[in-house]
């Protein structure tokens with residue numbers, strides 16, 4: 001159940017009225033909500049903006065008419081996301097509710113990792129935490145609420161919509177995906193669930209990678225086994241399908257390759273009913289892999305490949321995805337969809353491919369925050385695709401041995417994050433949406449593995 005304000009206040013003190021938004025400042029904190037404005041003119045966004053019909057309703061920023069109600073906008077295995085109003089400035093934001101965090105040690109560690117990552121990220125194409133709601137006293141601490149930027153839609157909804165996608169759209173989307181992925185990989189982080197639904201998009205075509213529930217730091221020791229319960233099947237790399245106990249950042253690149261093909265063809269590239277069928281579809285396209293490409297595969301998967309008929313590659317069919325599947329596009333796509341992960345292109349090298357030159361130019365001409373315009377022209381940043389300033393540190397996880405220990409650390413972490421920042425917020429139990437909010441939950445927690453994650 002959602003906590004009813006900070007543990008240092010009584011629930012009845014939280015709200016002067018019966019209604020109000022789902023989040024609010026604690027007792028005694030008042031904020032002025034500006035009327036806002038539509039913003040000044042500027043360079044039109046290119047490529048052409050996506051239609052509002054694909055997007056979440058926009059906040060009424062001019063102060064007129066009925067305010068937009070707080071409402072759920074997304075559900076996942078590890079949380080629920082609501083669209084709410086930040087009472088400190090009147091802006092619409094996304095509120096992620098992480099329920100039942102402290103059920104077991106694996107769940108605790110996973111949520112703590114995701115929380116630390118969201119606070120670590122500093123990149124325009126990676127979703128990060130804007131704020132964390134004030135926790136109650138530790139005895140009542142069961143749920144975590146994270147505020148992030150509110151995006152209008154996701155790439156899956158764009159792909160399945162009737163919205164035409166030009167070459168400009170595809171290039172600027174792919175550029176941003178790889179730009180964000182280069183940053184994550186430079187921090188030593190594997191996303192492990194790159195798919196269109198985890199790529200948030202605004203109508204101006206700005207894109208952010210989200211959902212780090214399965215993300216973890218790359219394991220450099222190849223003797224350490226890693227979980228195979230990662231990546232949605234359609235976007236799962238062949239080394240995972242073949243039972244590899246160790247993998248690296250190349251698994252994310254494979255997923256991006258599948259998404260690239262999906263943007264070109266407007267359909268899922270490898271859509272199978274089972275992991276074995278998924279592997280068969282991959283070899284239908286790429287051909288039978290050499291033994292060296294199956295070095296990390298389990299014996300059963302290797303035997304399945306070898307006892308089947310030898311398949312020649314049929315990569316020429318990629319040109320039939322659409323009229324946008326040019327030679328440069330297919331060349332880059334083939335570098336991403338290599339069976340051997342050691343030969344698969346990296347995010348850094350993919351960004352240097354000629355196919356993405358136009359995407360880079362369009363993004364930095366009118367979409368990014370790292371470049372700016374002056375009267376004499378455009379001032380460009382010295383580094384178009386920045387890396388993380390340091391690697392994400394997960395060494396603390398080795399010392400986590402109990403649920404209560406993690407609970408104390410998470411509580412302290414959230415409290416420390418709020419020091420010196422904006423006035424804190426908490427859940428408003430008197431809001432019209434509160435009853436619906438406390439009933440909204442993630443997918444059934446029993447479906448989430450309790451095995452130790454690696």
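Cβ atoms are placed via backbone N, Cα and C, with glycine included.
It should be emphasised that the depicted structure is a prediction, and the values quoted were computed from it without experimental measurement.
Taken verbatim from Swiss-Prot:
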ACT_SITE  193  active site, proton acceptor
BINDING   73, 74, 75, 76, 77, 78, 79, 80, 81, 96  ATP binding site
DOMAIN    67-356  domain 'Protein kinase'
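Here the residue listed as 'active site, proton acceptor' is compared against the binding-site residues 73, 75, 81, and the shortest C-alpha distance is to 75. Each residue in the domain 'Protein kinase' (67-356) has a pLDDT score, and their mean in this model is 92. Remark: of the recorded positions 73, 75, 79, 81, 193, the most isolated position is 75 (fewest other Cβ atoms within 10 Å of its Cβ).
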